[in-house]
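Below you'll find the structure, written out as structure tokens, and then a few comments.
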Amino acid sequence: MKKTFVKILSKSYVEGYPVGFFIGLIILAIFGSMVCIFSFMHYSEEENSNIQMDLERSSKQIIHNIQMNAMYLLSSIDTLKALYYVNPNFDRNDFNVFLNTTLKNSEFQYLFWIKKINNNDRNCFEEKFSKEIKDTFQIYSFDENTNSIHVAKNKSSYFPILHAFPDINKDIIGLDINSTDYMNETIKKSIFNKKPTVHLNKKVLLSKRNIDILIVSPIIVTKTLESTNETMEDMSHISSGLFLMEKNVQASRIEVENGNDFTIFLSTTNGEIVYQENYLNFKTLYQVHESGLFEDRLKYESSLKIADCVLKLWIFTTEEYENNSKTYLPLLVSIISAVILVLLITYSVDQRKQKSLIAKIMREKNNLINKILPLEVSVKLENGEDVVAERSNNACVFFLDIAGFTRFSSIHSPEQVIQVLIKIFNSMDLLCAKHGIEKIKTIGDAYMATCGIFPKCDDIRHNTYKMLGFAMDVLEFIPKEMSFHLGLQVRVGIHCGPVISGVISGYAKPHFDVWGDTVNVASRMESTGIAGQIHVSDRVYQLGKEDFNFSERCDIIHVKGKGRMKTWYLMGKKSSDFSLKKDFSRSRVQPSLFNRKQSHVHCIYPEFPSGLQALNIENNLNNTDAGCENCSKILKKTYAYSPDHSTSNYYYHGDDNSPPPPSLNSNDLIDGSEYHDDPFPSDSNVGYHDTSKDIKEDENEQNETLLFNQEQLKKKQIENIQRDLSLNDSIEAIKILNNNNNNNINDNNINNTNLNNNNNDININNSDNVNNYENNNNFSDKIENNDGDNNNINDNNYKSTNENNIKSKTLFKDSKSLINDIKMAKENCDNNDDNNNNNNNNNNNNNNDENVESKKNK
């Protein structure tokens with residue numbers, strides 16, 4: 001599903017523009033639209049915020065102007081009281097002259113002078129004041145029920161208005177302000193508070209749209225008062241002022257910029273409206289809120305204080321003001337933001353693409369460096385540090401070689417050989433990562449690894465344990481594919497000690513490697529080991545014997561430059577079920593699987609398919625008779641063992657006539673106690689294939705193979721001489737070469753002799769299986785007694801060849817001028833071959849005669 005989706009996105013309907021590109025454009029357009037909308041909303045909110053700030057600033061200025069006018073009125077009231085204290089008997093002219101010089105903003109407020117008149121003095125005062133003003137004067141009262149003015153009725157005292165500034169309606173002169181109960185409460189409150197008091201009648205507020213505020217300030221004769229009633233009796237005058245609310249609000253908003261673009265409401269703390277616009281007719285603020293007229297308008301809410309009265313202030317913006325205050329800035333900013341965002345995203349995508357490309361190159365470079373060099377070294381190189389060779393005294397070195405790989409590679413295609421190596425080395429790389437082992441290099445079919453070469457790994461015992469565990473896993477997992485299917489096994493050598501590690505780098509191809517005597521010893525452990533086993537030095541044995549099992553007896557081997565060394569074979573870990581002990585016991589009883597004298601034996605298990613197909617490698621060999629279909633061995637003789645009489649699950653290919661051992665399962669221990677006189681019990685289903693017809697053919701094939709091996713050996717030795725031999729040691733080298741050739745020819749003669757003996761044994765076995773098998777053993781003993789020299793050579797054939805090759809390499813040094821000596825050595829080798837072949841034929845004839853005579857004796 002994921003691959004299909006990626007494929008669809010990669011498909012291009014327009015050249016150079018895949019579907020994914022158009023999808024990206026759509027996403028970009030959507031994202032850009034969202035950014036534009038967000039920018040528009042953001043700057044619209046910012047504009048509204050600016051309008052709100054302007055509203056608050058204007059509202060505060062209006063409130064300030066109203067409060068300043070109220071303060072002027074209060075100061076005028078106090079000034080009028082000061083006039084009384086200076087001249088208690090001032091008349092109207094004095095009143096007008098004084099207020100004209102002191103009162104400000106007289107058009108927004110009125111001042112009243114009120115005097116207390118007792119009922120007994122009413123008539124006398126009216127006559128006297130009429131003469132003073134030269135007009136009729138009477139005391140009137142206000143009827144709240146009829147909302148009318150009439151002559152005041154008799155009562156204990158009156159508070160008529162005597163003077164008013166500026167002149168207003170003459171009907172107000174003589175009006176008793178104490179004619180209503182609510183006004184009486186206001187006067188008492190002002191006397192009690194001893195400060196100016198605002199008179200607001202709720203009934204009047206609800207009946208009128210806009211009202212003016214009356215402020216009263218009493219003048220008390222006595223200073224000590226015991227009760228409010230007594231204070232009312234002692235009060236002589238009242239200085240009062242009328243605050244014209246509508247005129248003051250209009251005057252205050254005119255002084256403010258755009259003040260007329262606001263809608264103002266003034267109300268008491270209970271919500272009764274004191275002031276509103278002329279085109280409105282609300283009684284309370286609740287009605288304003290419920291009307292919904294100002295729901296979408298900006299609002300500012302505050303309060304102001306006039307004398308002792310606190311009023312609530314609501315100011316709303318008008319639609320015209322908001323429209324005039326808004327600009328095209330939000331739209332312009334959103335467009336610019338969209339353009340910038342598109343450019344930024346385009347630039348970011350391009351930069352990201354370049355960074356991804358650079359990061360990909362760097363990752364590939366780092367991965368390549370990490371594959372070539374250890375992590376610690378690659379980190380130093382990345383940080384620009386110089387990589388100097390380091391010495392480690394606690395390293396452990398591992399060598400592995402695939403036994404039989406040369407034969408395998410000679411009969412398979414290069415592609416198959418490479419694929420087999422890749423599969424094997426990939427498995428080993430995974431095991432290295434699992435155990436924390438550092439892979440150093442591969443040389444052909446050899447594998448080298450180390451651990452403990454860096455300073456942080458300074459525990460040699462721990463490093464040895466890691467390497468031994470790694471080696472056991474290698475022998476546990478890898479041989480299952482190689483041995484059972486391909487006829488291949490591995491030899492492993494391990495040694496621990498000091499090494500020097502570093503990077504060898506010229507101008508190209510840096511290479512990390514380790515050097516030292518420890519590396520050489522580990523290589524010797526591998527080369528002198530047994531196929532399918534782990535060969536370790538005595539030092540490794542001493543470090544690991546507490547947790548690992550080793551062979552019961554040590555081996556003594558000769559190591560170049562070291563002399564005789566004690567070595568051991570690793571059997572397994574004590575805490576693990578996997579063990580190499582059974583395979584090791586088999587290798588001690590039987591010759592190596594890869595010895596050319598050893599019969600080729602392997603089992604086909606049901607869980608493993610046959611041959612190269614088990615490793616998913618194509619087999620290009622079409623001739624099925626050329627070799628075994630399950631391995632790389634080219635042999636023709638077959639012994640088939642079929643327990644179920646239907647399918648062959650056991651194959652035996654051999655060069656000799658000896659039957660296979662009773663058990664070839666790698667998990668069955670084969671030692672001397674399990675060998676019987678009869679290799680196959682009477683109840684076993686083993687069928688013998690008659691090979692008497694193929695004896696002569698096998699002899700010819702064997703001779704051709706031996707001659708081919710001789711030629712190859714001579715060529716290799718000549719190449720080694722040409723490369724390594726020095727001029728001073730040329731004569732000695734030629735002698736050694738002749739001796740080696742003679743030894744090899746003798747080995748071949750011995751092999752021919754053994755082949756003839758085996759052929760005779762097969763003829764005898766055809767007459768009587770069991771008895772002839774015993775006689776064959778006795779006859780072999782007789783031959784060994786009669787021909788001791790041949791027996792010794794036969795037992796040490798393979799070992800002598802290896803020792804001769806080692807000696808021929810260790811004694812030679814570099815030389816460049818030995819062509820003539822090489823030709824002489826080759827002629828000597830050819831002569832020796834002819835002589836030895838003649839001796840070979842004579843020995844064969846003698847052996848045949850002895851076999852016939854022995855048969856007659858039996």
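Note: Cβ is positioned from N, Cα and C throughout, glycine not excepted.
Among Asp350, Asp429, Asp445, the residue that Swiss-Prot places alongside Asp401, Ile402 at the Mg(2+) 2 binding site is Asp445. Confidence in the topological domain 'Cytoplasmic' (1-18), given as mean pLDDT, stands at 58. Neighbouring residues of the recorded Mg(2+) 2 site, listed in sequence order and excluding Asp401, Ile402, Asp445, comprise Leu400, Ala403, Phe405, Gly444, Ala446, Tyr447, Leu488, Val490, Arg491 (Cβ within 8 Å of the Cβ centroid). Neighbours of Ile402 (Mg(2+) 2 binding site), defined as other CB atoms within 10 A of its CB across all chains, total 23.
All protein chains shown were included, and the count of other CB atoms within 10 Å of the CB of Asp401 (Mg(2+) 2 binding site) stands at 21.
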